[in-house]
Amino acid sequence: MRKFAWKKYAIGAAVVIGMVWLFGPRESRDRMWRGGGYDDVPTLSPAPYNSFETDPDPTKTGYCTSAHSPDKKLVQFALMIDAGSTGSRIHVYKFNNCNPTPSLEYEVFKMIRPGLSSYKTDPTAAARSLDELLDVAVKTVPKDFQNCAPVEVKATAGLRLLGHDTAQAILDAVRARLRSKYPFPVSSRASAVEIMDGRDEGVYAWLTANYLLGTLDSSKSTSKSFTETYAVLDLGGASTQIVFEPTFPNSHQTLLDGEHKYELTFAGRTHTLYQHSYLGYGLMQARRSVHNLVGFMWEFTHPKEGDPVHPQVANACLNRRSQRDIELEGVAGSKSRNVTMVGADIGSFEACKRVLELVMAKDAICQTKPCSFNGVYQPSVLDTFPTGGILALSYFYDRIFPLLPASQTSSSKPITLPISQIATMAKQVCAGNNAYFPESAQEEIEGRPETCLDMTFLYVLLRLGYEFEEDRVVRVEKKVAGTELGWCLGAAIAMLDAKIECKA
């Protein structure tokens, strides 16, 4: 195992272990989800009519005149309601069945506030709150298509917090109202109206991405050779997720059983996926862990040094010549403390990387090998996913995209870069070389002292955490083929892949 030491501080191994234990993110095993170049990645062609407003006849399609299969309708609508903690959203999707798998033409979107969890004492009112969304669906889906346009409601963590009985009462009321008031079929499966498992959320996001990228289209593959799917990496504020489809060169090796294993059947093919959510390793949580670790190191080496009310603490992970006020968490019952973190003249990619290497807990006990970080089992991507594409979402996109040169962002090609370029950008911003970046990015860097920390964390997560190679190419996106990346579309096409129960 690799060992990392501080040159600046002569601190024993026991102290380092204690710091990581105190300030490193805590891994949760709850189901809390969220190779070469890929410039020629297949994407869906724009539809002849790519919006409801421009579609002259929603009952038809501009792609073909007959369905690929006689047991499929030429045009198919699907409704997915995302019942989040702050509000509910409906996605009304129009597909055509010109090909073996449904092809998305456009979606109609509507959001309302508050969410279902705001009606914890009145399940009937909770169900009625969705009427505004369903009315949009009634206006969008042609009348003759409504009885075969399935609807599902997927609630997320907000409803789970109400407790089982309260949440179930709301779900039952929603199901009853959908069936009694609206023409859309609601499957008898429990999953049609449910609190979505975090594993499903991550896998549906993987399905959305690979569907839009064309890697799941059976018409492009033979029975013996399939297009390699993308790994999907999602970086939120509190957690980070990885989903990929490993292949094992040795036929005697397989993906070990456990919560990380997910078998998804789509278009007649079963995908055995590895998925995991690392709670505590989102970007905002990583920032807190770094600041707390640096603050603890400072207090350890400056014991009661006048006990200043608001001390200045040197932090190599802040941009050079920048500063930020930080509230440090208390230790062992002590109160939290406000300090000013300063990058001063010590902003350093290498020093920041060493701090993050401690936070990643790469040397944590690995009970089931191999492990990625923090003792979590993950098949080696070098051995089981050596050439597949990597799609990085959310904060990966938000932090990387503004710093890229125009040559990488102004064309119609996918936004791709090797992991080594992320390291290069991190080194430049940590050193204060803002002129290295586009003029539009320089103001953003100056207004965000933690850009050095953020970019270094992205690199460390990919390189040290997941162990992708330095020259591996990553694609960063917010949309593909004009469609937002997320779990809703994946859930909708999985719903269509199952048997549709039309309403009489």
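Each Cβ is built from the backbone N, Cα and C atoms, and glycine gets one as well.
Note: TrEMBL annotation is automatic and uncurated.
The active site, proton acceptor feature in TrEMBL is assigned to GLU201.
Here TrEMBL flags GLY237, ALA238, SER239, THR240, GLN241 as ATP binding site. DSSP gives SER239 (ATP binding site) a strand state.
Under the heading transmembrane segment, TrEMBL lists 6-24.
The Cβ of SER239 (ATP binding site) has 23 other Cβ atoms within 10 Å, all protein chains considered. For GLY237 (ATP binding site) paired with GLU201 (active site, proton acceptor), the C-alpha to C-alpha distance reads 16 Å.
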